[in-house]
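J.: Can you read through this structure? Questions will come right after.
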Amino acid sequence: MKLVIVESPAKAKTINKYLGDEFKVIASFGHIRDLPSKKGSVLPDENFAMKYDISDKAGKYVDAIVKDAKKADAVYLATDPDREGEAISWHVAEVIKEKNKVKSDDFFKRVAFNEITKKAIIHAVENPRKLDANLVNAQQARRALDYLVGFTLSPLLWRKLPGCKSAGRVQSVALRLICEREDEIERFKSEEYWDISLKMQNSNNELFTAKLTHVNDQKLEKFSIINEKDAKDLTEKLKSQNFHVDKIEKKQQKRQPQPPFITSSLQQEAARKLGFSAKKTMQIAQKLYEGVDIGKETIGLITYMRTDGVTLSNDAIADIRKLIDKNYGDKYLPNSPRIYKSKVKNAQEAHEAIRPTNITYTPDSLKEKLEKDYYKLYELIWKRTIACQMENVIMDLVVASLASENKEYLAKANGSTIAFDGFYKVYRESVDDEAEEENKMLPPLKEQEPLKTKEIIPNQHFTEPPPRYSEASLVKKLEELGIGRPSTYASILSVLQDRKYVSLEKKRFMPEELGRLVTVFLVGFFKKYVEYDFTAGLENELDEIAAGKLEWKAALNNFWSGFNHNIESVNEQKITEIISYVQKALDYHLFSENKESKACPSCKTGELSLKLGKFGAFLACSNYPECTFRKSIVSGNDNNENDGDLAATPNENKVLGTDKDGIEIYLKKGPYGPYVQLGEQEGKVKPKRSPVPASLNQNDITLEMALKLLSLPLKIGIHKDSGEEIMIGYGKFGPYIKYMGKFISIPKKYDFLNLSLDDAMKLIEDNKAKLEKKQA
């Protein structure tokens, strides 16, 4: 009997049907050994000896493996084709050797395959190799590094920053990215700027829009027009100008398809297009790889999903090109196959890209056989794979340059059309944080053609802070920085959320107070080890180990000598010194720039400062014990030592920017919720305030939104039939339209701050009967 060992029962079930009766396929159910979560599992003083344990959960599976191995003529180790898979195979072999007294390595045969198909399985079994010690060593080095950081840094964190749970080698760097982005957002001050649009009409009475680009030979930069007065003055001057088409430029642009998916690009695209978390994407991809039931049989539908490689096998390319020719026609098929180059350093790990194992299994043919989410992910992979071998998209681009009579004013109008849809026929990649491009066409225009100016529109804008990271953009950033590897991204994001260091709001990462405390501490006292370059450098070292170019224990020793010294140094630091540093670093976040926000709200004479208790960080009054005011800065901490009214309200006086007169606009939080305020209170004169509607997230309030809230009730236009004003406002029952003395509620589906005149008139018309009834 020949024993085949894989990780999962699903994989075992699929493989079993491809092998004859002489083979028995069983599952290890993942790792059978690991480093126990206790001190002494890695011993730096003993040349980094690693003490592995078989977990209670794995015990029964190990017994079955050992029992079957005793009866076997050979053991085929058929775990996944990466470092983790190689390590699982090595651990299985080591346990069998130890339990069954096996001395010869020839008893073990490593079989690796990139897809679970009959052809791939038979080929792998007929061409076994030995275990790759370099891949095993790279995995052991990663595991040792993670253990050494976690089990030396975390206890230090508990002592120096009570309430903080843990720190990790890679997760802490990802957390730093999220926290630093939030710092940027908090410190950001929005600036006003304007541009001028011209609605033009050609000689055939066709309309198009141009944008003013030059005034008196001076190019208009982003901040050339910074206030309403300048914009209106320029608008008035333009009213007397006659424009013509000065020049027309036409060109074609080619767009090439993206490479087939690797792990990180699949996670990003599934997040953008399908709304899947990285964890969900990998769970579904794992099932599609291991095998799913599609009726009469269980088959692996995609190739291995943890890969950095963008190459496709020659057979796969031939099948893809054949399908393109058959289904879409030869005009969509390039003359030669597209070849994509992989950036993977180690050829042993350079797997194929993620693709369907059989391209003829179209999404339509599987729609009724797959679960909904499985179908969605498979369709995404199938379409990307087809598109990567299709012809370019060809765009016709037109730029029309417009000029006034004396060329004092210049404007430009851009248009584009798709001349040939190429790979767009099948697939278009999403773009994170960008508005969808419009396929904007221009009417036919001729050089020197006179134009009529139908409307001149001054457009007000405000600069916006950088967006918070989504799962897609964070994975992309980690990949760009070289931090982590495809197989680790999903777990990194999950750990940060599980430990309450970050939360997801509207699919964007926000740091929790606990996460900010940890980041400030690590940046202050372990800066080298949360530097992006250093962490990326360690990943490169692991790649070097996997390629056999670096000795793994030498790499561990190089890391540990410096890290251990850093641990010992921080252990000597007094907690008061650490608190002082942390408060200074978090000062802006906790108190903004307003010194008054440090004043104790209870006694009015004391000043708030950061303190650490057994349940975490809090703000306390300097007049203690006379004043016992305390305020938790850790949201959701039910075990804190705080008084009853101490809800987490850090950064209560955030400055959003200034209005046109230079008066600061604040976002504040009061007893009835968040509100925006124009300027500070002077004496008994209260500044203008406006509540933030419950439908809006206070963390998303921009200067532009605040100015609109403060301007309510606001006139949005004149009704075209009655000539009466239409106003919008916000009252105790929510947003409303005021028209002819009557009030109409604005439904939640509308963004009431940006309600158009057309939408307002439609709502008035829809409520006409109700209004007439009230009037009667």
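In case you wondered, yes, glycine gets a Cβ from its N, Cα and C as well.
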J.: Among 160-165, 166-171, 262-267, 286-291, where does Swiss-Prot put the label region 'Interaction with DNA'?
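T.: Per Swiss-Prot, the stretch marked region 'Interaction with DNA' is 166-171.
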J.: Can you check which of 40-67, 68-95, 600-627 Swiss-Prot lists as zinc finger?
T.: 600-627
J.: Over the region 'Interaction with DNA' (166-171), work out the mean pLDDT and round it to an integer.
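T.: The answer is 87, the mean pLDDT of the model over that range.
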J.: When DSSP states are folded down to helix, strand and coil, where does Arg143 (site 'Interaction with DNA') land?
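T.: SS state of Arg143 (site 'Interaction with DNA') = helix.
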J.: Using DSSP, how many residues of the domain 'Toprim' (1-111) fall into helix, strand and coil, respectively?
T.: 48 helix, 25 strand, 38 coil
J.: Work out how many Å separate Arg306 (site 'Interaction with DNA') and His31 (site 'Interaction with DNA') at their Cα atoms, rounded off.
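T.: Taking the Cα atoms only, Arg306 (site 'Interaction with DNA') lies 17 Å from His31 (site 'Interaction with DNA').
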J.: Within a 10 Å radius of its Cβ, which of these recorded positions (Glu7, Asp80, Asp146) has the fewest neighbouring Cβ atoms?
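T.: Taking Glu7, Asp80, Asp146 as the recorded positions, the minimal 10 Å Cβ count falls on Asp146.
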J.: What recorded sites among His31, Arg142, Trp158, Arg499 are found with a C-alpha within 10 angstroms of that of Glu7 (Mg(2+) binding site)?
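T.: Correct set: His31.
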J.: Which one of these recorded sites, Arg306, Arg499, has the sparsest Cβ neighbourhood, judged by other Cβ atoms within 10 angstroms?
T.: Arg499
